[in-house]
Amino acid sequence: QVRNDLTGVLYGEDIEISDTESFSNDPCTSVKKLKGNDVRIILGQFDEEMAVKVFCCAYDEEMYGSKYQWIIPGWYENLWWESWINSSQCLSRNLLAAMEGYIGVDFEPLSSKMIKTISGRTPQQYEKEYNAKRGDGQSSKFHGYAYDGIWVIAKTLQRAMKYLNATNKHQKIEDFNYTNHKLGKIFLDAMNETNFFGVTGQVVFRNGERMGTIKFTQFQERKEVKVGEYNAVADTLEIINNSIRFQGLEPPKDKTIIQEELRKISLPLYSILSALTILGMIMASAFLFFNIKNRNQKLIKMSSPYMNNLIILGGMLSYASIFLFGLDGSFVSEKTFETLCTVRTWILTVGYTTAFGAMFAKTWRVHAIFKNVKMKKKIIKDQKLLVIVGGMLLIDLCILICWQVVDPLRRTVEKYNMEPDPAGRDISIRPILEHCENTHMTIWLGIVYAYKGLLMLFGCFLAWETRNVSIPALNDSKYIGMSVYNVGIMCIIGAAVSFLTRDQPNVQFCIVALVIIFCSTITLCLVFVPKLITLRTNPDAATQNRRFQFTQNQKKEDSKTSTSVTSVNQASTSRLEGLQSENHRLRMKITELDKDLEEVTMQLQDTPEKTTYIKQNHYQDLNDILSIRNFTDSKDGEKAILKNHLDQNPPAQWGSSDPSRTSKDPIEDINSPEHIQRRLSLQLPILHHAYLPSIGGVDASCASPCVSPSASPRHRHVPPSFRVMVSGL
């Protein structure tokens, strides 16, 4: 009945009752249900024996301390727990720990006010006199109410007698009986008008119930301490100063207060990563200035400066997306955050395609030129490369527009499990985190990743195909391969770690930002730093006119991937064989002319002696007049030059004739060495210039027959017609 009455009063005061449990033997099941329903303030109605069991269960369920407040009857005997501790299964210290801080509610047996009562005694004087008269007999805590009750009866009878004397003198108090309703009504009205100060406090009745004083005690350090009282007549609550003690910093909450807290990106972390991003953009701007300033340099011109500008633009767009990834609900409103979800996705996607699309377009041009099997002249202008990059961006725009129209990105809030307050307050923190998501997020991300993956594979294929092009100004295959490797590895690691750290925005933002910064920086540095170094140290080395560099790896290539190189080898070999055949033919013709020259020389001799003399002294010189240098090939194996060589053997002394011949007749002086020398010096040059044009030598009109040997062309390179140059005589 008390519980039902209390429930009605609480509902009338708009106080929620979370749960009501009843038990007869084991209260642990009920205690567990109370904890499961997050009940913090428990009103208990049980005797001392059951109270011990309840607090033992509360200790086991950890339903004590700063978060809980137990309110139980206060009419237990003093040290009531000691009588029932043995009947429980918990230790005494555990029971006392669970009991610490409970509040007992009981009526006040005697008033604590130092005021004289209706009897002329103060409550303290009454208690002293009562204890003196009762002696060693057992006292009852209701003796004060019995004493005030006698005074209530006396005052009621007195007030009824006055009423009867004033209204009906024929009826007296002695005429009372329990069937006289009229007289009973007079007694009831007289009792309701009772109002005096007794030893138990102010004595007043309302609706037939005594309005008394409620005492509150608290269990503190193994004893009950009075902490306040409630006066039902005046409806006032009095708390003794600093007497009540709570286990925490404040009174326990009636239930767990859940405070939602947005997990946001740390401002210092955002500042640091933004500073790194700004440094990266400054570096990209420096590369852009370098590229524009040196766009007319042969090294930069051959590397497509317009494509280089697009690579830098893509890198700067990727850098700019970092600023947007760091803006969350702590910086912008919900509507702005939802707009940023779309903007940052577009910027990062377009920046990636612009940078790598331009890089791969450059490589495709090198591949198209140097893998041209027909060896025809092929011109691919920058306008065509811009069209290729524009096509890649068009695919991106189609995907992004469809994504935005069909299933746009929205701001979603993800709630996580409750966490205790780090400051120790009696509240629970429910972290919430903002995300940019849509209904089919996995499908759209799969489409974007597949397209970007194909773009990377295409770049790897082009880099592999052009790896042997030996013009550094054109060939970036090695750096593209390094860039694709680093970007691919970092993107895979970054995507995995970012997915695993969804509930940690600081870690997720740090990983995403560092991946973007690393990929953009390494790509720009691999493209522009080698050019900068080469331009500063040896600008001509990167633009040497070398078309291919054949290595052992090239020879081991598959026939399908080396068709054009094999064609060049076959053409060079065929040309070399033709030059060698022509050289052999010319050598044979020179040999025949040498024989003719020898016969002409012999005809100039009139006597056998002179013939012998000529043979002995000048046959070797005449035989060595014409000779052909060995065939030499040029450094690149594509040109051959035929040269003439004159042995440096010293000529014989024409004047060293035998002394015995000086006594010959004057008739023989015509064949003397002096005459022969004069005839040869005039006739041989004439003969020489006569037959040189017939063998492809110099023209007959290019020099005078009387040109001295020192003025003749010697070891001079011939024009590409491969004519033979004969040494001077």
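Any Cβ shown, glycine's included, is placed from N, Cα and C.
Whatever TrEMBL says is automated annotation, not expert-curated.
In TrEMBL, the transmembrane segment annotation falls on 343-364 of the listed ranges 79-100, 343-364. Within the chain, the transmembrane segment (310-331) has long-range Cβ neighbours (under 8 A, six or more residues past its boundaries) at 262, 264-265, 270, 273-274, 277, 280-281, 284-285, 287-288, 291, 337, 340, 343-344, 347-348, 350-359, 389, 434, 505, 509, 512-513, 516-517, 519-521, 523-524, 527. A mean pLDDT of 80 is what the model gives for the domain 'G-protein coupled receptors family 3 profile' (269-551).
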